[in-house]
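*Asks:* Dumping the structure here so I can ask a few things about it.
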Ligand SMILES: Nc1ncnc2c1ncn2[C@@H]1O[C@H](COP(=O)(O)OP(=O)(O)O)[C@@H](O)[C@H]1O
Ligand SMILES: Nc1ccn([C@@H]2O[C@H](COP(=O)(O)OP(=O)(O)O)[C@@H](O)[C@H]2O)c(=O)n1
C-alpha cells in the first residue's frame, strides 16, 4: 500500500481542491471518493432506478462500470464509455446522492473499489478524500485529517462557484446534504488520532500549507 493521507470533512470545506493541490505538490496520487457516489447516483438515474428505494439502488450496482483517474493534474470520471466528469457535479445529482450513499451495500461495494485504487496508484503516496476515509476506508493511514470550515464560509465558497438562481439555493442544498450525510457517517468531529485543520480563517494557500504541515509533522521524509 502506498503512503495514504486520509482527508474527511463536510461539503465545501475544501477537501477536493485542497487535497488535489497537496497531492500535486508532493507528487502523490489523488482520489476523490465522492465522485464514485455521485457517479452511482448518475448511473441509477440513467437506468431508471428509484433512488428512494434501497433495493433498486442495490440492483443498479451490478451494471455500474466505474473508472476514475488518480492523477491530481487532471482526472476523468467514466461510467462505461460515458465521460461523466461534468455531469456528476450537476445540482440534480447533488440532490439525490445522499440517498444512494446511505445504503450499506453501496458503501461496502464502493469501499472495495477505493481500496483497490489506493493499492494500485503508481505514485509513492495518495491523498484520499471523502467523509469516512479517516474512520472506515483507511483508519490505519499514517496521516488522517478532518478539514473543516464554518458553515457560512463553506456556503459562501460553494455559492461563489455558481451563478444565478442556483447560487441562492446552494446554501440550502448544502445544509440539507450535510444533515442527511451525517446520519450515516460522523464527519463533523475528529475521531481519535485525527488532526483537525480549520480553514475558516485561512486562504487557499494557507490551507494547503497547513495540511502539508500535518503530513510533515507525521512523516518528515515524505515532504521535501
Ligand atoms: N481555504 C480556502 N479559502 C478560499 N477558498 C477555498 C478554500 N478552500 C477551498 N476553497 C474553494 O472553495 C470551494 C469548495 O471547495 P471544494 O474543494 O470543492 O470542497 P469540498 O470538496 O470539501 O466540497 C472551491 O471553489 C475551492 O476552490
Ligand atoms: N467517502 C464519502 C464521500 C462521499 N460520500 C457521499 O457522496 C456525496 C458527494 O460527495 P462529494 O465529496 O462530491 O461532495 P462535495 O462535498 O464535494 O460536494 C456526499 O454528499 C455523500 O453523500 C460519502 O458518503 N462518503
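Here the Cβ of each residue, glycine as well, is placed from N, Cα and C on the backbone.
Just so you know, TrEMBL annotations are computer predictions that nobody has curated.
Pasting the feature list from TrEMBL:
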- 9, 10, 11, 12, 13, 14, 15, 16, 17: ATP binding site (BINDING)
- 5-216: domain 'Cytidylate kinase' (DOMAIN)
*Asks:* Starting from each candidate's C-beta and looking 10 angstroms out, tell me which of the binding-site residues 13, 17 has the most other C-beta atoms.
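*Replies:* Max Cβ neighbours within 10 Å, all protein chains included: 13.
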*Asks:* Quick one: of the binding-site residues 9, 11, 13, 17, flag those whose CB is under 6 Å from ligand 2, and say none if nothing qualifies.
*Replies:* 11
*Asks:* Quick check: in three-state DSSP terms, what is residue 15 (ATP binding site)?
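*Replies:* The three-state answer is helix.
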*Asks:* Using the structure shown, find which entry in 9, 11, 15 (the binding-site residues) has the sparsest Cβ neighbourhood within 10 Å.
*Replies:* 11
*Asks:* Can you list, in sequence order, the residues of the same chain other than 9, 10, 11, 12, 13, 14, 15, 16, 17 whose CB lies within 8 Å of the CB centroid of the ATP site?
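*Replies:* Once 9, 10, 11, 12, 13, 14, 15, 16, 17 are set aside, the remaining close residues are 18, 129, 147, 149, 154.
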